[in-house]
Amino acid sequence: MAVDTGILPPNRVSFRSWIWDSDTHLKSKAERRLLLKLDLSILIIGCLGFFMKFLDQTNLMNAYVSGMKEDLQMNGNEYTYANTMYTIAYAIMQVPSTLIVQKVRPALWLALMEVGWGVWTFAQAGITNSNQLYAFRFLVGLFESSFSPVILYLIGGWYTKTEMAKRTALFMMTAPIGTAFSGFMQAAVFTNLDGVNGLAGWRWLYIICGIMTVPVGISTFFFLPDSPFSDKVWFLTEEEHALALERVRKQGTAPATGISFKQVGRVLTRWRWYGFVAAYVVYGCSSMSAGFFAIWLKSEGYSVVQTNVIPTGTWLISGFATVLWGYLSDYTGSRFLFVVIPLALGLISNGILAFWPAGVGIKMFAFLFIGVQLMPGVFFAWAMEVCREDNIERAVVASSMNGMTYAVVAWLPIVIFPQTMAPDFRYGYPASFGLVIASIIAAVIVKLLIIREKKNKRGEVTEVASQGDEESNRGAKDAVTDVKGVVD
């Protein structure tokens with residue numbers, strides 16, 4: 001009796017293979033069902049949490065241009081300092097968080113962190129001066145810092161090479177979507193709630209964001225799976241859990257082995273940490289220009305609503321581009337190509353801003369088009385794929401990429417984007433243009449290092465095989481000699 005495995009013949013490609021995983025037609029029904037459950041848990045919880053993370057991160061900009069600056073009597077670089085306090089805290093916990101979840105359940109850790117940043121976001125509604133703002137932004141950044149690296153670590157642990165980039169991209173897409181939604185939300189809040197119960201519209205923004213975040217954090221505890229190598233997830237059957245283990249073992253994904261200074265030190269002796277971290281830091285810094293769109297609009301005399309809504313166009317374009325590059329990367333199997341193409345397109349918008357032409361329209365185009373250069377999902381998938389044979393290396397490299405970027409972004413805007421130079425930022429935009437060029441060069445260097453590493457591994461395999469053949473030949477000769485001796 002024939003058994004229906006759900007696998008299509010090699011010459012029949014399903015429609016889902018064109019729009020989702022390119023090897024869907026080669027997967028059994030059981031594997032497709034497993035992937036659906038993983039997507040409904042990891043992707044939905046990850047996207048909701050990351051959406052709230054960016055909503056709570058970027059609402060500072062919306063609050064600043066919607067009355068907070070005047071209410072708190074902020075001047076000089078105080079807005080930049082508030083961003084810096086957040087960024088410092090965010091950078092501090094990136095690597096430690098991925099090491100902590102080697103011992104603590106990721107679902108428990110992230111749930112605590114989400115509830116924490118929701119509470120501190122809510123608390124910002126009551127601030128009365130810049131010093132309080134600095135303190136609360138630091139605490140929000142500290143609690144938010146665990147979310148991205150831990151979710152990326154889980155994506156790299158559960159999914160295969162043909163599945164990873166698009167899912168990482170979908171997760172990352174919620175960052176610009178959250179940023180865009182913050183603009184729409186503040187515009188609506190300012191229009192409908194400004195002055196209600198004696199509270200300014202920007203204070204209502206923090207109240208609403210805090211209330212939205214806490215339930216998402218609680219749901220994380222119940223629905224986010226831990227590592228496939230850990231105890232069985234409650235919503236997976238025994239067969240599905242066994243299948244998940246089989247999938248990741250075939251991919252060569254290493255299980256968690258605990259934490260030691262020796263393991264972390266081993267990571268730092270390889271080129272991968274230095275190569276990927278340096279390349280991503282340069283790339284991350286090259287994307288800063290988009291964050292100053294609203295400040296330019298305000299200087300041009302646009303209304304509060306327009307200043308909040310127009311920049312959402314950049315983030316919506318970013319969200320679309322992030323997913324597009326991820327899909328194309330998984331479909332073609334190339335990570336390098338879909339890191340370099342977006343950066344090459346980014347030269348156009350950053351080049352326009354660097355020269356700062358007189359026309360309003362051309363600058364508007366540049367700020368909007370800058371969104372096409374975002375492809376963090378492909379970059380992270382590239383790193384996790386290269387490092388998947390070492391669990392600690394995968395965790396440390398991915399978290400360091402994000403953490404070191406935020407560490408540099410903590411001070412770089414103070415130097416090249418000081419508020420005293422707004423809105424043309426005569427140092428910032430030319431520097432961003434140069435950083436895009438540097439990002440392309442860094443990606444090429446990483447690609448060359450990967451090629452060299454593969455050649456070295458092939459050489460080692462060939463050498464081992466040759467040694468094995470020589471030993472086999474010697475063994476055969478010895479056996480013949482022994483036989484001759486016996487015969488004689």
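Quick reminder: no glycine exception, Cβ is built from N, Cα and C everywhere.
Predicted, not measured: the structure shown is a model, and the values here were computed from it.
Here's what TrEMBL has on this protein:
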TRANSMEM  34-55  transmembrane segment
DOMAIN    42-455  domain 'Major facilitator superfamily (MFS) profile'
TRANSMEM  81-101  transmembrane segment
TRANSMEM  108-127  transmembrane segment
TRANSMEM  133-156  transmembrane segment
TRANSMEM  168-190  transmembrane segment
TRANSMEM  202-224  transmembrane segment
TRANSMEM  273-297  transmembrane segment
TRANSMEM  309-329  transmembrane segment
TRANSMEM  336-358  transmembrane segment
TRANSMEM  364-383  transmembrane segment
TRANSMEM  395-417  transmembrane segment
TRANSMEM  429-450  transmembrane segment
REGION    459-488  region 'Disordered'
COMPBIAS  471-488  compositional bias 'Basic and acidic residues'
Cβ-based contact of the transmembrane segment (273-297) with the transmembrane segment (309-329), 3 or more pairs under 8 Å: yes
Segment-level pLDDT (mean, integer) for the domain 'Major facilitator superfamily (MFS) profile' (42-455): 90
Listed stretch, out of 108-127, 202-224, 336-358, 395-417, 429-450, that has the most CB pairs under 8 angstroms to the transmembrane segment (309-329): 336-358
Proximity verdict for the transmembrane segment (429-450) and the transmembrane segment (168-190), three or more C-beta pairs under 8 Å: no
Leading contact stretch, 133-156, 168-190, 336-358 vs the transmembrane segment (395-417) - CB distance under 8 Å: 133-156
Criterion met for the transmembrane segment (133-156) and the transmembrane segment (336-358) (at least three Cβ pairs under 8 Å): no
Interface-richest range of 81-101, 202-224, 336-358 toward the transmembrane segment (108-127), CB pairs under 8 Å: 202-224
Cβ-based contact of the transmembrane segment (168-190) with the transmembrane segment (336-358), 3 or more pairs under 8 Å: no
Contact set, same chain, for the transmembrane segment (202-224): CB under 8 Å, 6 or more residues outside the stretch: 41-42, 44-46, 48-49, 52, 55-56, 59, 62-64, 66-68, 71, 106-108, 110-126, 154, 182, 185-186, 189-190, 193-194, 196, 235
Feature contact check the transmembrane segment (364-383) with the transmembrane segment (336-358), CB under 8 Å, 3 or more pairs: yes
Same-chain residues at least 6 beyond the ends of the transmembrane segment (364-383) whose Cβ lies under 8 Å from its Cβ atoms: 152, 164-173, 175-176, 272, 276, 279-280, 283, 286-287, 289-290, 293, 296, 310-311, 313-318, 320-323, 325-326, 329, 335-336, 338-339, 342-343, 345-346, 348-350, 352-353, 394, 397-398, 401, 436, 446
